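Just below is one structure, and these are the notes that go with it.
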Amino acid sequence: MYQHVQPSNTNHIYADGHNVSTKATSNGTMCANGSIGTEGPEATETDSSGTGRMRKPLERNGSTQNDTVHLERRLGLFSGVALIVGTMIGSGIFVSPSGLLVRTGSVGVSFIIWLACGLLSLLGALAYAELGTMNTSSGAEWAYFMDAYGPAPAFLFSWVSTLVLKPSQMAIICLSFAQYAVEAFVTECDPPGGVVKMVALVAIVMILFVNCYSVNLGMAVQNVFTAAKLVAVVIVICGGAWKLFQGNTQHLSNAFNGPMPNIGAIATAFYTGLWAYDGWNNLNYVTEEIKNPSKNLPRSIIIGIPLVTLCYALINISYLAAMSAQEMIESEAVAVTFGNRILGALAWLMPLSVTVSTFGSANGTLFAAGRLCFAASREGHLLDILSYVHVRRLTPAPGLIFHSLIASAMVLHGTIDSLIDFFSFTAWIFYGGAMLALIVMRYTKPNHPRPYKVPIIIPVVVLVISVYLVAAPIFETPRIEYLYALLFIFAGLIFYVPFVKLGMTPRFMNKVTLFFQLLLEVVPTSSMAMFE
């Protein structure tokens, strides 16, 4: 049996230097200022499957004078849609069209894959909506794996996602941001690699500051940049519509000319397309901060993802109204080439639009990533300090800083192309795992409250497709990188057994935690988790 229980008497040192004594109550929760007692009906939630698992979610509508530190519900429907749209529309639609054309060899097939990626993202997000309304704890896949499979698979997800998936996603987006930002000032030659990486690092620092300073500021930035990027999308669509009105439809005729791609090529083409759609599940990472999540979570998904799919379809048509498929393939910056042909003296709007789009996407990615770190570490799956919250601003600052440091390292030592395929291959292993978790809990927790419920065929279809996306590239074009990815996933067991399962903690870690607690002005939230 694995058990992670906070000690019965601990002193938490707050930023202003005073100590607050906390004691464990009879139900295992921690009360500040020495008060002892229960916290009402939401204090302890018993697993309906009868496994004896108990979870104490941090779900509250507000705080009282003596309340423990927790994340507040501050995200409404508009912010939820903005987080989905703002995270999904990043660099992908401005970079991926050419890559998808290369892998499919056909305008028609590539367009079908764009639409299929949107449909797959919507189906996956609807399944996540059921999972997110069943368990409104932050952490998305981590929380669902914990409920369906137990701590070991959940730890493996948090291990891979914290060290690779989320940081690599942010690194890719920030590198794309820097590439377009620098290109606006360098016209005669390619942007210097060192300058691009420095600009990417500056972007990471700016986004980190915004999200550490305030949740409201982080979401305000997300809302503003989402609105700005939608304006840019409208400019592209209107420019393409004007070209079509002029009769430039030659690049859209005979769309299915050319050989059909093989199974492996289609799977890797899906990787390219799905990268542009990635972010459809980010709202599930912040469910503890959503107002009325049982309604706003599915509503945000139903509004946001079809909107993105429609934008992507119209943008691709607009590109083909202005240039041929071969020109798109040869262009390193499709959106910039489009702007040069359509906008004339206002061509500078395109690189500006891409920088705005990618900055907003990176902001939403870090916003969600910090919550995963927070959720996993408060259950003892990561370092304790990563579950701490700033004493005044109520932001998970340590988790945000940790992700930003790893993303910065990837920016310094990686490239966009080398990260995208690895990210997509690994991510869809866990997306498939989440679909299986939903199916499993339909049988193990049949009576668990489900404010939103999808037809069972939806997670089944997404699970089958995820298995295809993972297996097809391995069998069609085996690459050593896929083996490295699988080995890295299971290497997490080396750390899980001694440090999580057996609860071994080096003595110096208490001093390290205290040092960072004082340095960052953060305090632990009260929680208890028991697993049998």
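The chain as shown is numbered from 1 upward.
Each Cβ is built from the backbone N, Cα and C atoms, and glycine gets one as well.
Note that the structure is a prediction, hence the values are computed from the model and not measured.
The region 'Disordered' annotation in TrEMBL covers 32-64.
Note on the transmembrane segment (75-95): residues 121, 125, 172-173, 176-177, 180, 219, 222-223, 225-227, 229-230, 233, 275-280, 282-283, 286, 289-291, 296-297, 299-301, 303-305, 307-308, 311-312, 315, 333-335, 354, 357-358, 360-365, 367-368, 416 of its chain, located 6 or more positions outside it, place their CB under 8 angstroms from a CB of the stretch. Residues or ranges marked as transmembrane segment in TrEMBL: 75-95 (among others).
Summarising the annotation, TrEMBL assigns transmembrane segment to 107-129 (among others). Long-range contacts of the transmembrane segment (107-129) within its own chain (CB-CB distance under 8 A, at least 6 residues past either end) are made by residues 84, 88, 97, 100-101, 140, 251-252, 255-256, 260-261, 266, 269-270, 273-274, 276-277, 280-281, 284, 297-298, 301-302, 305-306, 308-309, 312-313, 316, 320, 325, 431, 434-435, 438, 452, 454, 458-459, 461-462, 465.
The feature transmembrane segment is assigned by TrEMBL to 141-161 (among others). Long-range contacts of the transmembrane segment (141-161) within the same chain, counting only residues at least 6 positions beyond its ends with a Cβ under 8 Å from a Cβ of the stretch, are 2, 47, 53, 55, 131, 134-135, 281, 284, 372-373, 375-376, 379, 381-382, 426, 430-431, 433-434, 436-438, 440-441, 444-445, 488-490, 492-493, 495-496, 500-501, 531.
The annotation transmembrane segment is assigned in TrEMBL to 167-186 (among others). Sequence-remote contacts of a segment are chain residues at least 6 beyond its ends whose Cβ falls under 8 Å from one of its Cβ atoms, and for the transmembrane segment (167-186) they are 90-91, 94-95, 192, 195-201, 203-204, 278, 333, 336, 348, 351-352, 354-355, 358-359, 361-362, 365-366, 369, 403-404, 406-411, 414-416, 419-420, 422-423.
The transmembrane segment annotation in TrEMBL covers 198-221 (among others). The list of residues near the transmembrane segment (198-221) in space but at least 6 beyond its ends in sequence, with Cβ under 8 angstroms from a Cβ of it, reads 71-72, 74-75, 79, 82-83, 170-171, 174-175, 177-178, 181-182, 289, 359-360, 362-363, 366-367, 370, 390, 393-395, 397, 400-401, 404, 407-408, 411-412.
The transmembrane segment feature in TrEMBL is assigned to 227-245 (among others).
According to TrEMBL, the feature transmembrane segment maps to 257-277 (among others).
Remote same-chain residues near the transmembrane segment (297-321) are listed as 77, 80-81, 83-85, 88-89, 93, 97, 107, 110-111, 114-115, 118-119, 121-122, 125-126, 128-129, 132-133, 230, 233, 236-237, 239-241, 243-244, 248-249, 251-252, 276-277, 280, 283-284, 287, 290, 328, 334, 338, 452 (criterion: CB distance under 8 Å, separation of at least six residues from the stretch ends). Per TrEMBL, the feature transmembrane segment maps to 297-321 (among others).
For 422-444 (among others), the entry in TrEMBL reads transmembrane segment.
Remote same-chain partners of the transmembrane segment (456-475), defined as residues 6 or more beyond its termini with a Cβ less than 8 Å from a stretch Cβ, comprise 120, 123-124, 126-127, 263-264, 266-268, 270-271, 274, 424-425, 428-429, 431-432, 435-436, 438-439, 442, 482. Here TrEMBL flags 456-475 (among others) as transmembrane segment.
If you look up TrEMBL, you'll see 481-500 (among others) marked as transmembrane segment. Within its own chain, the transmembrane segment (481-500) is flanked in space by residues 2, 151-152, 155-156, 159-160, 164, 380-381, 421-422, 425-426, 429, 473-474, which lie at least six positions past its ends and keep a Cβ under 8 Å from the stretch.
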Below 8 angstroms Cβ to Cβ, which residues of this chain, lying six or more residues outside the transmembrane segment (422-444), approach it?
49, 124, 127-128, 130-131, 134, 140-141, 144-145, 147-149, 153, 157, 160-161, 164-165, 168-169, 172, 271, 274-275, 278, 281, 456, 459-460, 462-463, 466-467, 469-470, 473, 481-482, 485, 489
